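Residues or ranges marked as transmembrane segment in TrEMBL: 20-45. The substrate binding site annotation in TrEMBL covers 198. The active site, proton acceptor feature in TrEMBL is assigned to 211.
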Ligand SMILES: NC(=O)c1ccc[n+]([C@@H]2O[C@H](COP(=O)([O-])OP(=O)(O)OC[C@H]3O[C@@H](n4cnc5c(N)ncnc54)[C@H](OP(=O)(O)O)[C@@H]3O)[C@@H](O)[C@H]2O)c1
């Protein structure tokens, strides 16, 4: 009899435990399903703050770094099409002037160009920019310029120059440009700062460690200044970017996961103030396939798993890059 009573008691206890864990499991699954559903709603159905709010057609200017190619050039065209005047900055003045002329003719906006090399971190360049931007109403800043390791490289083998260049371009340029324009945005209580982040900042990327760290900085810094500036009317958005077809990515063909700059930038500008696949504040992962990957990274398996994945991917890319270098060196020798 005792044994039967014990069995019944134990079974009840087990059943309660199973029910409790079952309920917790169901709640976790429901929460995850809801958060995935929210990502889909964000990227497919919601529209963000209209960029026209930032002085479009009313004398507002957008300042874009790294504006002569790739994603930055596309920002210049799409922001000009919304009637923002454009300041274009990169190293190659001839390219900037050609783009500026095209923008003026096509969209009837004003433009300014400034050629500088951000790797130099030269005070006189930033002073000249301060001078150039002081008299105009800067309402949008796109901190787009970025540089990367030439090939995936173990940190201890990377050159001091590449390490310094990445820090100067990806970190210091964003901070210095922001310091120049934020006071006038705050004074007007109207401004938008878009920082071009990367999935390398979301998941640490072995062999691209300095680039990865610089984008992690950008992510953390964007969230911090985003919170500081929101009550002052300035919207900060770090944009988590997976791959986009460009010179930097060395990818020439678009796929579902790797868009051309045009649809990519359209997704960024269509979702200002909306998280998309991002789970951190003042951050957005707006392109639909990137958003789904972002959600998977945040919700499926551990960060350790994703770092290991990156380790394997970059090891493979490094091997192929070294073989290519060897082939090129042999070809050069035989000439
Ligand atoms: N493409 C991707 O897959 C991807 C993924 C994640 C994040 N991102 C980020 O997106 C941003 C734009 O990348 P992208 O792929 O569009 O690059 P990109 O096509 O290589 O264009 C880079 C732009 O920056 C300018 N630039 C490069 N170095 C410069 C320097 N030292 N000083 C001044 N200007 C410089 C280039 O013009 P000049 O040569 O004339 O100077 C060009 O206009 C970067 O911050 C990058 O980290 C890109």
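Keep in mind that glycine also has a Cβ here, set from the backbone N, Cα and C atoms.
Curation does not apply to TrEMBL; its annotations are automatic.
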With Cβ-Cβ distance below 8 Å and at least 6 positions apart along the chain, what are the contacts of residue 198 (substrate binding site)? List them in sequence order. 146, 211, 212, 215, 240, 241
Any idea what DSSP makes of the residue listed as 'substrate binding site', helix, strand or coil? coil
